[in-house]
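One structure is given below, encoded as structure tokens.
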Ligand SMILES: N[C@@H]1[C@@H](O)[C@H](O)[C@@H](COP(=O)(O)O)O[C@@H]1O
């Protein structure tokens, strides 16, 4: 069942997410599934400022751009090091390898990592078109890790972090929706009016591959934390 929590703003929402992560760690979670993007930055900041110890835990990230080296400041390796891992290292942190020579080998490697490290708690953001990870509309609900082509709207949305829109990679490796759904618990966060349509489709729309996040309606243990702006188009009371 989806548990929907509407908060005033991203500060309050990040605080709620932080409490849930710290509780999961205290209760013995071994593997955290992590996301990038601006949405989880507040959560990671809170974790960095907490006394949590991840050194006996493993992290598994959702995705990485194809073609970007870990040192590239737009890569998700770089993002994770900067926002979390440098201050709070895990015993092992897995992120897809954007420079892998062979896509099929990289996909198989990452699927094995996920199979060997069942995710206790998965953190998710939400794309403006309802994507989770880099699973764009039309992605199969039972999918595993694969190389995906990014949609124009995602390239445009993500271009704000790059010097030029043409610098934004066109492909990424992404954990599939089938793998994401196997996580024991999922926390999805979304902030701001740009996410209001995707939030509406995710929570109150039909479960359809047109809105990848709508599959979360079928998940037993999922917590959706959204601010008032992102919740503005919801019809029901939560
Ligand atoms: N692959 C990431 C997603 O994991 C993220 O949820 C989304 C939203 O980004 P933001 O949190 O910056 O809005 O962007 C990217 O496309």
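Including glycine, each Cβ sits where the backbone N, Cα and C put it.
According to TrEMBL, the domain 'Glucosamine/galactosamine-6-phosphate isomerase' annotation covers 22-223. Summed and averaged per residue, pLDDT over the domain 'Glucosamine/galactosamine-6-phosphate isomerase' (22-223) gives 97.
TrEMBL lists 63 (among others) with the feature active site, proton acceptor. Every protein chain shown contributes to the tally, and the Cβ of residue 63 (active site, proton acceptor) ends up with 24 other Cβ atoms within 10 Å.
Under a cutoff of 8 A between CB atoms, and with a sequence separation of 6+ in the same chain, the neighbours of residue 129 (active site, for ring-opening step) are 136, 137, 151, 153, 154, 198, 211. Secondary structure from DSSP puts residue 129 (active site, for ring-opening step) in coil. As annotated by TrEMBL, active site, for ring-opening step applies to 129 (among others).
Within its own chain, residue 131 (active site, proton acceptor) has 137, 139, 151, 154, 212, 213 as residues 6 or more apart in sequence whose C-beta sits under 8 angstroms from its own. Annotation source TrEMBL lists active site, proton acceptor at 131 (among others).
Cβ neighbour count for residue 136 (active site, for ring-opening step): 21 (other Cβ atoms within 10 Å of its Cβ, all protein chains included). The active site, for ring-opening step annotation in TrEMBL covers 136 (among others).
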